Amino acid sequence: MEFYESTYFIILIPSVVITVIFLFFWLFMKETLYDEVLAKQKRDLKFPPTKSDKKKTEKKKNKKKEAQNGNIHESDSESTPRDFKLSDALGTDEEQVAPVPLSATEASAGIRERKKKEKKQKAAQDDHVTKESEGSKSSGKKVEPVPVTKQPTPPSEPAAAKKKPGQKKQKNDDQDTKTDSVASPAKKQEPVLLHQEVKQENVSGKKKVSAKKQKVLVDEPLIQPTTYIPLVDNSDAGALEKREVVEVAKQNMNEGIQKSGGKKMKNETDKENAEVKFKDFVMAMKNMIFTEDEARCVVEVLKEKSGAIHDVLQKASKAESAAAIHQLQDKEKLLAAVKEEAAVAKEQCKQLTQELVAEKERNGLLTAKMRERINALEKEHGTFQSKIHVSYQESQQMKIKFQQRCEQMEAEISHLKQENTILRDAVSTSTNQMESKQAAELNKLRQDCARLVNELGEKNSKLQQEELQKKNAEQAVAQLKVQQQEAERRWEEIQVYLRKRTAEHEAAQQDVQNKLVAKDNEIQSLHSKLTDMVVSKQQLEQRMLQLIESEQKRASKEDSMQLRVQELVEQNDALNAQLQKLHSQMAAQTSASVLAEELHKVIAEKDKQLKQMEDSLGNEHANLTSKEEELKVLQNMNLSLKSEIQKLQALTNEQAAAAHELERMQKSIHIKDDKIRTLEEQLREELAQTVNTKEEFKILKDQNKTLQAEVQKLQALLSEPVQPTFEANKDLLEEMERGMRERDDKIKTVEELLEAGLIQMANKEEELKVLRTENSSLRKELQSLQIQLSEQVSFQSLVDELQKVIHEKDGKIKSVEELLQAEILKVANKEKTVQALTQKIEALKEEVGNSQLEMEKQVSITSQVKELQTLLKGKENQVKTMEALLEEKEKEIVQKGERLKGQQDTVAQLTSKVQELEQQNLQQLQQVPAASQVQDLESRLRGEEEQISKLKAVLEEKEREIASQVKQLQTMQSENESFKVQIQELKQENCKQASLAVQSEELLQVVAGKEKEIASLQNELACQRNAFEQQRKKNNDLREKNWKAMEALASTEKLLQDKVNKTAKEKQQHVEAAEVETRELLQKLFPNVSLPANVSHSEWICGFEKMAKEYLRGASGSEDIKVMEQKLKEAEELHILLQLECEKYKSVLAETEGILQRLQRSVEEEESKWKIKVEESQKELKQMRSSVASLEHEVERLKEEIKEVETLKKEREHLESELEKAEIERSTYVSEVRELKDLLTELQKKLDDSYSEAVRQNEELNLLKMKLSETLSKLKVDQNERQKVAGDLPKAQESLASLEREIGKVVGDANVIENSDVRTESELTDKRLNVAVNLNQDVGHLKKLLVSVSQMLSKGREHYQLVE
């Protein structure tokens, strides 16, 4: 049984749970027993003996040895007490070495007191053990107190249990360092106890090993488990001694309980190993170092064992009493120190008791929880077992059904095998008969083929001659093509020449007429040449047509051959399809895997039969191929003859068609002559038109010349400097130019018409040439057709003779083809039977291969599971890499957030700079225009916008990367789903393999875990997307705020520009108004001074000053000066008003700066609020993730349960599908049986044919009978011919012997027929038996007749001798 089987796994889980529960109970029972023991110890406590300072070093050494030998096993502890009991009597030598300063009276009193205490404690513990054994079986083994040290397995030896409290006090000194180990005693004790239980079960199987281990364990000092120190008064000095006694009693009880099961098995081994144990004990006593208390305990044990040792000890005690008194005094000194240590230990014990109470409460809660969990697990276990039981019953039912179907299929297969054997026998007999017939037919075919081969040789020679003629014709065609190319070149040269002539035709009309005459002559010569060329072309075309027709005939013959080949291929395909059907049927018949071993044997026999059949078939195939080749030769001969006939028929048809074509050609010639006449008339008309156009062209040229002269005159007139005539002649010039343009247009149209007419002339000349050539070719064709008509008479006689020969050959070929088809059908039947056998063998081989493949699949499934595990590991690595990438992306996002913050800081700095610049602008409005500063601000803002666009691009790239990662996750999910499907398929295939089911479930769990990880990654991606969207929103808000700030800046800039423009315009207007006023005033003041208004104001003022000074020199007055002072005051007031307006504009700019600062502050406050909200949302997301994870765990648990149910359903469906397959196979077998029956009917038909042949042979025998009767009559009538008959007797005997052989053959065939028809109907068998009986009777009758004839002959001879 494997570990991962379901039944073993179900049993193991509850057993582990039960052991854990018993461990918890054991710990609690231990604590309760410890309290009871403490109460008993308080009653009987006494002061222990003192210790010496010299023995402390020895105790430390013993502690080290005990620490080395702390992990003693329970199986060894069971065997060690016997060793001590056997060797107690012999330990006096070691006892005398250690000094024992005690009197005999003290020793005896101590022994009595201890015996009484041990009896009381044993009685109390026996009662307690009986109670616990009734409550639970395991509590009796777990009565030990909770230890403080790290050694949880106490030894069960009585010698180690009787150690005195001197050693324990020394251990209590180190109790401060070991309080940490008290908190978890139960946890450290559980694995050791489990190990002890496993070892106790295997004690019976490991006796020899335990005996060897005991030798080693005796050499090492045993460790006494330390116990809790009770709360006792300082006056109770003997409490430690009583505690040891209680521990000894407990250990004895535990030993009694543990040894009750194994005493019987160990008595035999202890007797065998007694001597070895004694030696080991002596060696151990020599090596050990005892304290006084330990030595006293050993002596008491030895006293109990033997009385002789008591006398020896009394003598030794008298001698050493003085030394003991000194030691007692030293020990009393040590008691004071020990009491102080005991007080410290009491305080520690109080603390430990409080901790114990807290641990008890904790353990109570844990036990309650464990009980609830165990109850739930038991319920689930029960439901699971019920489900498994139901599924197991269903599977058993399905197996029973499957076995029944298998048995049915085996019975059917056996029946089919019997039928196959019968069919094989019938096939073998039929093949023998067919081979004999085929041999005779082949001889006939060979003779016919020899004749046909001779005829083929003659026709091949004729074909070679025809090919030579064709080659000559092809050479002539090539020459004609060359001539055509040369004619085309000449034609192109003529076209070029005509174009040149048309160009010269425009220059002079008289030369044109002469040239036209010359051209006509040339055209006639060319036309004659072209007609010659056309005639040669037509001849070549006729030859080409003949060649093409011959090639078409050949192509038709090849097509017919291809059609026949295709038909044969189709027949082969049909046969292959039938063979494939038979293959599938035979494979379905032999699908049972149970027959694999039997079929191997059958395959070997059938392989031998197949080899024989294949050899025979190979011979038949060779014969058939030779026959097919001969047939092909005959068919080629036929085709060649038919082609010749077709040629002759074609010639006759061509001759008939040529007569019709002659008539058509004559008609077409008349039509073309009419066309030529019409074209010549059109040419003449067009020539007249060209002459007229040329005359008009000359007239227009003359008019142009006159107009040009007039234009020159007008230009001369224009050159004259008379203005009134210029205006009058303008109209005339315009009219003249219009006329000139109209005439130029007319000239152009006339030229175009002339060119079109020349082109038409050239085209019509070409058409004339073509028509002339066609006429000449038609005339030549007429001549050739007349020649062919004269040759027709000679061809017709040849055609008739050839047709007769062809009809004869066709009859022969048809007979040969029929014979071949019959043979092909026979061979096809044989091939079918052979292929059926090969299919059976292949099916058997396939079944064996399938059985092997199934065995290999079972091995491959384990490898697939391993591969899936490796794939899952790879997927885990991919998931880890994805997580690392996500972490990197998160880091990048954080970095980008920091960059955004930095950019926001830069934006704040820029806004502050903008404010500073605005302030500077307000200060420098009078000096520098505001437009340049606004442009700087716009450039900076544009730079910031570019940075923001870059950030947008970076964010979009990151979003794309995240989208790609999401796609990768989706692909991972799809792969995981595919892995799920593969795992489910593996489950369905491995329903029978319980060992691999556990592994597949583990793989599903791993896949589910990976899906969880993927889901968590998707959630993280969604969170990151949300974070990205939030950051986008933030960025959008910041952009909107920046845009608002930009809009505010733009509005302020526009306002400032408008105001500056307004102020500038107003200033200019004011300045202009002031300048105008000043001029007017100055002119009013000095009316006699006048200056031009186009001069600038400054020049005007300078000039006016000069003029005014000159004027003032002449006339001076004080009143004018006063008026000027008043005007200056008014100008100063205007200047003050302008300054006030500038201050107002500055205040407006300051207000806009304040608005921008407020916007920045609001933006920063909103950013802080958003950050707080983001942190709160992240906390909420973490909480939601934790809750979602818990819900996902529950959902996955439910999914696993659902998957288990689905697996059971799938198993059921799989079994149902197997049943359906079995039913389908059964139906296929039935159909195959029907087909085999059809084959049997066909074979019966063939046998009937053979039976008809036998009847025919019987008729021949009857004819022979008639002949014999005629011979007898002749013998009776013609006695004179007896001498001749006597000479012909040996020949007649030979003929009779041959007849008897033939009759024997017929009888053998009849027997074969009877043997082959084992499975036929009863009527056929009766008929054939009657035929055989009749044949035998006829043969007997013939023999009697022969005997009578011989007797008559002998009598005739005797009579002849007597006559002589």
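Note: Cβ is positioned from N, Cα and C throughout, glycine not excepted.
Under the heading coiled coil, Swiss-Prot lists 315-1085, 1116-1306. What Swiss-Prot records for 46-56, 73-86, 121-135, 170-179 is compositional bias 'Basic and acidic residues'. Taken from Swiss-Prot, the feature N-linked glycosylation site applies to ASN202, ASN267, ASN623, ASN638, ASN704, ASN775, ASN976, ASN1061, ASN1088, ASN1094. What Swiss-Prot lists as region 'Disordered' is 46-207. Residues annotated as topological domain 'Cytoplasmic' in Swiss-Prot: 1-6. Annotation comment: Swiss-Prot describes 30-1364 as topological domain 'Lumenal'. Per Swiss-Prot, transmembrane segment is recorded for 7-29.
Location within the structure of each feature annotated in Swiss-Prot.
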residue	record	DSSP (3 states)
ASN1061	N-linked glycosylation site	helix
ASN1088	N-linked glycosylation site	coil
ASN1094	N-linked glycosylation site	coil
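There are 11 other Cβ atoms within 10 Å of the Cβ belonging to ASN1061 (N-linked glycosylation site). Its Cβ taken as reference, ASN1088 (N-linked glycosylation site) is surrounded by 10 other Cβ atoms within 10 Å in the chains shown.
A simple way to gauge crowding: the CB of ASN1094 (N-linked glycosylation site) has 7 other CB atoms within 10 angstroms, across all the protein chains here. Between the CA atoms of ASN1094 (N-linked glycosylation site) and ASN1088 (N-linked glycosylation site) there is a gap of 19 Å. In this structure the alpha carbons, written CA, of ASN1061 (N-linked glycosylation site) and ASN1088 (N-linked glycosylation site) are 39 Å apart.
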